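Below you'll find the structure, written out as structure tokens, and then a few comments.
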């Protein structure tokens, strides 16, 4: 058996290759490993000056690597019987499994899935105890073989520097450093070939299985073959798809709840007193005049013009919204706890439940940039060392930079505010009643679309900035680099995507509350003009529009890019590599000859075909996780405003899984398989979002929606009749200077808010809570203070109740299922039993001859 690994290099530097070719040995950090000559290294000149080097690893070398890396292999099939145990299966999974559309037939499942095995670290001394020990070609999975070979390359010495004064020799090692220096252009494991026609009854490769049962769109609703993904790509990629699949299945319940919430609004829309009062010809909307929404150009409007917004608001802001928001907050906890249990199942099956990273490779950039060195008592060598003072200084400088650019996002939000002011004034200056009726909808939709475009453009800038900052911090290991980079990008993207939502939800209605142009009215103004306020129906509809456009637009753009970009870059890369920049006459003749042979039916070599594919980079899964984590934020943080968010997330993720599968299997070079225990730092970020879900949804319900004032009015009057009139305050219309108006002799107008009436209109006003005096400064009324107190009380009660429920769920649901715990204990028991039997057999063999002599 051999494991093949492809390195592509320029003809200018041959250090590592010459070392292997001339000496036959590769110097490693833990000794020397012999690389066979002859067919162990193959070269083929291709594409001008590009050279391909094919590396083989014989079985003896893989055995040593397997013991060095503690590779776990199956020993025997699990014999734990769970028929007598009562377990509650997942509600969604049980329903989907009965449907029969989401699972493969038993014949296909037998090929794709692996049975549960007890595993143990590989040892050549106990080779016969492992499954398939007599078949070296399949003893080690494909992904493990590639991982072991790449580990050799990361520890291979290619140069040495001798300090004669200190009499020490320092080695330069690692394929990653050679790649960074440009000695090699690429290093990748080879994909398996996908045949156009599979022989009936013949052997099928792992890649062909994945192509037919995972990438194929006819299986779009099927469960993913995770065991097959793990065997081909390794556990790091497999955990991503396992998490994405589990997240998508969990969204089915959330999507169903969202649909029920919206259907409840549609079903009861005709009976909603508030919207009927605004829209009816005999209601308050037909006679109430609303104050102008901007200065000079905006005209008075009838409240009836807000009919569309009132109906849209009720669809998403109705009596079931509070229950839905609470259930979604609890759902987020159920999802995370369920993932921990599901992860424990697959981690045990793959032998990773007790996996511990014992040694992480030092980044070549750290070795190159850090000049200070310190003696390491573990390795007993001097190693690059970054002092704590330097780390703290780098951290502070990076943190300040991150905060500065997060604040820069606020400048984008401010730009959108300015755009709203200008656009509102332009629409008002048209003096068109139809345009005036839909002004808010036009401004909100265009502003959200422009904001989405800016967000998508800023993504690339923030990712590049975060990468530069993380490199400047100079983390020691790749894991440290990934964690630091992940947190920076997430903070940037959190501010980038959610800042406009926070502005609409919590600040827009506060910054511009009063009509008129007085300098001391308390409104925030830009160049003397007050900001655009909320529609008389409230800011809730605008939050829905903003969230829907940003979330759905981002998902559509990401899906389009994810499908088109890899294919375009693959074609572009192939075109660029077909003709070298500089070629001799001999190279040109050779290229034309090879192109002629290929047109005549010559099959391209596997390493050549893979070289045309898009290269992978270090954080090749980063963008995939980031996209889904941001989606999780949309689904949970503002779900009270947009209950259909889980439904759109489900539809997106169903296609996302297949697009990612297509990309990994067909459009990019096979990533180097890596070992992972979980989804890494993303689990902590998801947990943080889950906790923020509770207060944000509570604040949206309390301060953005009209749930609290409506509930108070209903409790005081036992009916919603008259609520619209009570929620509007009076303003003296003689203070307005309107250039053109369709309304004449208007003495008073109404605006949204609970404020006292001016004394020029009335000395006192009767409300539900009694009479209250006038105030020319339009101060807050008694109703406003009662509503404000009720809103604060609701936030406190909602948070405490939901947080208690979440904590109870986390406490009551164990992270490891009972059946996995039992199998763990059974595995440990068998290991102890095997060790004891070896110990007893060893003692008996040692005492055997001596007992015979005594006899």
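Placed from the backbone N, Cα and C atoms, the Cβ positions cover glycine too.
So that you can see what the record holds, here are the features copied from TrEMBL:
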- 45-226: domain 'Anoctamin dimerisation' (DOMAIN)
- 229-826: domain 'Anoctamin transmembrane' (DOMAIN)
- 240-267: transmembrane segment (TRANSMEM)
- 319-339: transmembrane segment (TRANSMEM)
- 392-418: transmembrane segment (TRANSMEM)
- 438-462: transmembrane segment (TRANSMEM)
- 629-651: transmembrane segment (TRANSMEM)
- 788-809: transmembrane segment (TRANSMEM)
Spatial neighbours of the transmembrane segment (629-651) far in sequence, C-beta under 8 Å, 6+ residues away: 247-248, 251-252, 254-255, 257-259, 261-262, 316-317, 321, 324-325, 328-329, 332, 490, 493-494, 497-498, 501, 505, 540, 543-544, 547-548, 550-552, 554-555, 682, 685-686, 689-690, 692-693, 696-697, 700-701, 704-705
Intrachain neighbours beyond the transmembrane segment (788-809), with Cβ under 8 angstroms and 6 or more residues off its ends: 322, 326, 329-330, 333-334, 337, 690, 694-695, 697-699, 701-703, 708, 711-712
For the transmembrane segment (240-267), sequence-distant contacts whose Cβ falls under 8 Å of one of its Cβ atoms, 6 or more beyond its ends: 91-93, 96, 223-224, 226, 229, 314-316, 318-321, 324, 327-328, 331, 334-335, 338-339, 342-343, 346, 621, 624-625, 628, 632, 635, 639, 643-647, 649-650, 653-654, 656-657, 660-661, 679
Averaged pLDDT, computed only over the residues in the domain 'Anoctamin dimerisation' (45-226): 76
